[in-house]
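Colleague: Below is one structure. I have some questions about it.
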Amino acid sequence: MTNVADLTSVEKIIVLDFGSQFNQLITRRIREFGVFSELLSHRTTAEEIRKIAPKGIIFSGGPNSVYDKDAFSIDPEIYELGIPILGICYGMQLMTHNLGGKVEPAANREYGKAELEILGDATLFQGTPAKQTVWMSHGDLVTEIAPGFEKVGTSNDCPIASIEDANRKFYGVQFHPEVRHSEYGNDLLRHFAFDVCGCTGDWSMENFIDMEVAKIREQVGDKKVLLGLSGGVDSSVVGVLLQKAIGDQLTCIFVDHGLLRKGEAEQVMESLGGKFGLNIIKVDAKERFLSKLAGVSDPEQKRKIIGNEFVYVFDDEATKLAGEEGVSFLAQGTLYTDVIESGTETAQTIKSHHNVGGLPEDMQFELIEPLNTLFKDEVRALGTELGMPDAIVWRQPFPGPGLGIRVLGEITEDKLQIVRDSDAILREEIAAAGLDRDIWQYFTVLPGIRSVGVMGDGRTYDYTVGIRAVTSIDGMTADFARIPWDVLQKISVRIVNEVAHVNRIVYDITSKPPATVEWE
């Protein structure tokens, strides 16, 4: 697993985790400046931090109170390392508490937007207005600053909203600069990274590739690596990166379960197998999957069948390869968000992180996860740096069960063909309209509804196709995309005229929540 300690040749700022829901945003903001950042446990010791040699440390926010018996704290030697520290919300309170100040429950809790007033010539607020909007989320506040600090910011309900000790380069803010609602939050974080910590912004995908290739070669040696290739962005980027690092020591298994989008299997083989030279074993399992799904209409049962069948197929092929070629490593497209969402001791688990496809735990492979320090947008940037085509790098998110959950009810080959053809038209027209980078996800779905229509001089009784298109930042919430009417009309006309057995198109204008993005 790549971690911040491995990145010895780049500047880095570490974030110590105290459980804030915004932790991921802090690391993202710092990386946007070209400075590598990673979230580490608050239990990380001063000695471990000394070995990492960061340019700066950020204490995150968190839900606890510093005066609670079981409150999260840190190794006090961290304050003696001579490394600049920025405390955010709980982080500012913890620094104050540790260094001799006082923290107490607030008479009026602050949640949401507040007006911050800057006092004097504060380092982190250079070049920003004396009054600015910030995002507060706290129930406690600093009532007495620690020795060596001065108050540099205040708000109506938080008299001590920002502090600094310029000599030791310790800073604290009661608000959340990482949240977009703090209008000059990015400026503050940039001042900390560049002016206080002295970073130059040397983090890039180019040097990530160099470091990761070297690390993979050292880890793998002359052994063989197996990768489950789905055709999605993450596994494709992993494949190309591994190919660059170890060449023909990599073998990819691509399971075509018959539930892929139009032309997807061919594109994977032509692009990844052709241009990039990946050694891909394609397993044609269409009949196997469709026979297992025959007569099944319950969505959860469909998901379970597809997931289990994928495991069986992959396991069969992996076992063969392990015996024949002595495969030692299994590569996965795990992202940094997967690692974070697995939960830590400071936060509730959002979702369990499993290996790809729920592969059997008794498979005797050592894991390689070269993307597990990267966010999704960084993975796309990495793919571009590796020379991968936009058609793969900017591919739409696609669920593991594939079109199996975009055909509502029982799955048949005829229904799958309707979804494939209509979805291909939708993607073509969205791209032609220049909307493919603006809409977060878009696809067609077959609800299983048939209705009366008229085509030519005859009556029809054919299927309805639904179009789902949403805008989102992180997928947790989403709004339906405002696609121009003329584009929707063109899509509708083409689908009805070009896709057999379709006579009606509907557009889903439901947000998430209450609906989910997928229909099943």
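Glycine residues also receive a Cβ, built from the backbone N, Cα and C atoms like all the rest.
Heads up, here are the entries from Swiss-Prot:
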type     : residues                                               : note
DOMAIN   : 12-202                                                 : domain 'Glutamine amidotransferase type-1'
ACT_SITE : CYS89                                                  : active site, nucleophile
ACT_SITE : HIS176                                                 : active site
ACT_SITE : GLU178                                                 : active site
DOMAIN   : 203-395                                                : domain 'GMPS ATP-PPase'
BINDING  : SER230, GLY231, GLY232, VAL233, ASP234, SER235, SER236 : ATP binding site
Colleague: Take the Cβ of the residue listed as 'active site, nucleophile' and count every other Cβ within 10 Å, whichever protein chain it belongs to.
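Modeller: Around the Cβ of the residue listed as 'active site, nucleophile', 26 other Cβ atoms lie within 10 Å.
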Colleague: Find the average pLDDT over the domain 'GMPS ATP-PPase' (203-395) in the predicted model and report it.
Modeller: 84
Colleague: Would you list the other residues of this chain near ATP - those whose C-beta lies within 8 angstroms of the C-beta centroid of SER230, GLY231, GLY232, VAL233, ASP234, SER235, SER236 - in sequence order?
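Modeller: Not counting the recorded site residues, we get LEU229, VAL237, VAL238, GLY333, ILE392, ARG395.
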Colleague: In the structure shown, which of the recorded positions GLU178, ASP234 has the fewest other Cβ atoms within 10 Å?
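Modeller: Candidates: the recorded positions GLU178, ASP234. Fewest Cβ atoms within 10 Å: ASP234.
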Colleague: So which one is it: of the binding-site residues GLY231, GLY232, which has the fewest other Cβ atoms within 10 Å?
Modeller: GLY232
Colleague: Using a 10 Å radius around its CB, how many other CB atoms surround SER230 (ATP binding site)?
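Modeller: The answer is 21.
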Colleague: Are there recorded positions among CYS89, GLY231, GLY232, VAL233, ASP234, SER235 that sit within 10 Å of HIS176 (active site), Cα to Cα? If so, list them; otherwise say none.
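Modeller: Cα filter at 10 Å returns CYS89.
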Colleague: Can you give me the same-chain residues 6 or more apart in sequence from VAL233 (ATP binding site) with a CB-CB distance under 8 Å?
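Modeller: Correct list: LYS376, VAL379, ARG380, GLY383, ILE392, VAL393, TRP394, ARG395.
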Colleague: With every protein chain in view, what's the tally of Cβ atoms within 10 Å of the Cβ of SER236 (ATP binding site), excluding that atom itself?
Modeller: 27
Colleague: When the Cα-Cα distance from GLU178 (active site) is computed for each of the recorded positions CYS89, SER230, GLY231, ASP234, SER235, which gives the smallest value?
Modeller: CYS89
